[in-house]
């Protein structure tokens with residue numbers, strides 16, 4: 001029973017933390033305070049800094065361990081440590097190195113109880129400063145206790161949780177974007193006195209709740225309510241600079257004297273009102289007409305993805321050198337989300353294509369667009385393995401798609417409520433997708449047409465190599481008598497049905513190299529035992545249609561077509577350091593590993609378009625991978641390749657091949673084309 005086990009484990013951690021917080025420290029235990037500092041990519045990680053004897057200092061990485069990291073994280077109010085890092089990963093600190101050769105059992109209440117050389121006794125340099133990554137979960141009932149008698153403003157805000165408490169008129173709105181700001185400390189929700197509250201504080205609060213900015217509110221309403229309600233104030237103010245990603249990164253303000261009903265008597269509890277982004281604003285909201293020059297691709301959830309920038313009409317990526325939370329937050333706010341939860345590096349959310357437009361990005365955090373930040377225009381040495389990505393704070397919309405649901409239609413179930421659903425992939429709910437009206441033809445319970453979804457945090461991302469297609473295209477005249485297997489698999493045009501065995505078919509041949517740039521392997525949806533055996537070619541098809549090959553007129557009309565069943569999805573080659581996992585020989589497993597590619601050579605059956613009946617002229621050559629969306633991918637926009645081609649009746653020239661949305665830009669150059677429509681991941685069968 002894994003759920004109960006996990007719950008029991010959490011309870012045991014909570015009990016340990018409670019016991020530690022309630023236990024009086026042994027006499028003589030040095031009074032210290034901790035904080036996480038440095039170049040962070042998440043607010044719950046950083047360089048370990050210790051306040052002792054009136055001075056902040058660091059901890060050396062010699063003999064440090066995950067047990068010591070756990071003590072640090074719990075002392076800061078986090079449930080546990082995830083990892084620790086030596087060698088000043090978060091930058092070099094300043095001042096004293098307070099602790100060296102730290103040995104902890106993991107049961108200590110404070111880092112000061114762990115064995116060490118003693119405070120200030122160290123032979124380390126700041127190049128050895130240690131850092132930790134804590135769990136995001138806060139300790140239930142955690143109460144912040146300051147051991148500092150002065151310099152309290154150098155401490156970060158340490159509370160269990162933060163929330164909006166909306167007034168009645170705001171509670172029915174989704175998302176909730178306004179209300180009293182409350183922090184949970186010592187297991188109780190408390191208000192903050194607004195005596196020192198600033199717009200920069202509100203900006204940070206809105207960002208952590210998923211909103212790009214703050215706005216004014218009706219103060220009269222809240223003044224009236226404040227007179228009627230009992231207040232329970234927190235004992236500290238808050239001091240944010242405005243570019244923090246979370247309230248937990250802000251510094252404490254002055255200590256508030258708690259005097260019961262007289263606390264904050266000349267002021268009121270803090271109220272914050274936020275501006276929803278374009279994806280979450282009411283339909284009548286204005287002010288979002290400008291299309292951003294930045295987009296996210298390859299993420300499993302809304303508000304996350306690989307960062308791509310539009311420059312000179314071409315989308316490109318951002319190198320992860322110097323990538324941090326400030327730059328990531330600029331991206332998130334520009335796109336209508338809140339501040340960044342995480343700045344990701346190393347192509348964590350998939351590798352992009354095309355140029356790397358920006359490198360060594362440096363933002364203050366207040367820029368309106370990533371394009372306003374300083375950066376090194378010379379991106380030499382940056383590959384797509386270093387593509388930067390973000391995870392943004394998004395508003396709570398009252399739902400999470402985290403489960404996997406499959407079911408057969410049940411006649412006793414309620415009526416079917418939707419059919420014909422067509423989504424672009426950017427909608428927040430199914431109701432926002434195109435779908436049939438109220439008059440549905442499906443049987444009660446859905447029958448065999450009941451829809452199901454499978455949710456995942458990671459997905460593959462297939463991308464064609466445009467250059468390979470462009471450089472390998474040629475014509476071949478092939479006799480009908482050697483094309484019988486291809487004819488049986490519908491790889492020839494309809495006129496082949498009446499062709500004689502001695503006649504020839506003209507084939508537009510080419511090679512295709514299909515890369516998996518995603519975060520998980522591309523695997524056929526059909527189980528191994530259900531693959532279809534094709535006797536003529538003597539192989540199994542794991543996907544009946546893996547690619548579509550089409551020749552289109554310049555107005556988008558289809559003049560010739562082909563298709564390729566995935567008779568052999570395998571790892572032809574892989575990037576250095578990645579092992580092949582899939583091989584079709586001997587009825588082996590089929591798929592494409594992350595970082596590998598599958599090559600369909602020009603000289604195999606069905607790797608063509610039958611152009612026997614095509615007249616000379618200018619055309620569009622189009623290839624679509626995974627056209628029926630049988631396998632979920634993180635990005636479908638890069639599944640389409642389009643090339644210009646010219647056929648004179650004897651020869652063919654293929655040029656200007658582009659992947660994804662660049663292919664659509666021919667509309668803007670005077671060529672009218674039929675846009676490929678994407679219907680999203682959800683489908684019914």
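Each Cβ is built from the backbone N, Cα and C atoms, and glycine gets one as well.
Automated prediction, rather than curation, is the source of TrEMBL annotations.
If you look up TrEMBL, you'll see 1-19 marked as signal peptide.
Annotated domain 'SRCR' per TrEMBL: 34-135 (among others), in sequence order. When DSSP labels each residue, the domain 'SRCR' (34-135) comes out as 16 helix, 35 strand, 51 coil, counted as helix, strand and coil in that order.
If you look up TrEMBL, you'll see 60-124 (among others) marked as disulfide bond. Around residue 124 (disulfide bond), a 10 Å sphere centred on its CB holds 18 further CB atoms from the protein chains shown.
Residues or ranges marked as disulfide bond by TrEMBL: 73-134 (among others).
Residues within less than 8 Å, Cβ to Cβ, of residue 104 (disulfide bond) and separated from it by at least 6 positions along the same chain comprise 65, 67, 68, 70, 71, 111, 114, 115. Per TrEMBL, the feature disulfide bond maps to 104-114 (among others).
Residues annotated as domain 'SRCR' in TrEMBL: 164-275 (among others). Per-residue pLDDT, averaged over the domain 'SRCR' (164-275), rounds to 87.
Among the features that TrEMBL reports, disulfide bond is placed at 240-250 (among others). There are 23 other CB atoms within 10 A of the CB of residue 240 (disulfide bond), with all protein chains counted.
Here TrEMBL flags 294-393 (among others) as domain 'SRCR'.
Among the features that TrEMBL reports, disulfide bond is placed at 363-373 (among others).
Sequence annotations record features per position, and here TrEMBL assigns domain 'SRCR' to 418-456 (among others).
According to TrEMBL, the disulfide bond annotation covers 423-433 (among others).
Take the Cα of residue 134 (disulfide bond) and measure to each of the disulfide-bonded residues 60, 240, 373, 423, 433: the nearest one is 60. Comparing Cα positions, residue 60 (disulfide bond) lies closest to 250 out of the disulfide-bonded residues 250, 363, 433. If you measure from the Cα atom of residue 73 (disulfide bond) to that of residue 250 (disulfide bond), you get 18 Å. Between the CA atoms of residue 363 (disulfide bond) and residue 240 (disulfide bond) there is a gap of 17 Å.
Checked against residue 250 (disulfide bond) by C-alpha proximity, the disulfide-bonded residues 124, 373, 423 yield 373 as the nearest.
The number of other CB atoms found within 10 A of the CB of residue 363 (disulfide bond), across every protein chain shown, is 23.
Cβ contacts within 10 Å of residue 73 (disulfide bond), excluding its own Cβ and spanning all protein chains shown: 25. Secondary structure by DSSP for the domain 'SRCR' (164-275): 32 helix, 33 strand, 47 coil. Cα spacing between residue 124 (disulfide bond) and residue 433 (disulfide bond): 59 Å, rounded to the nearest whole number.
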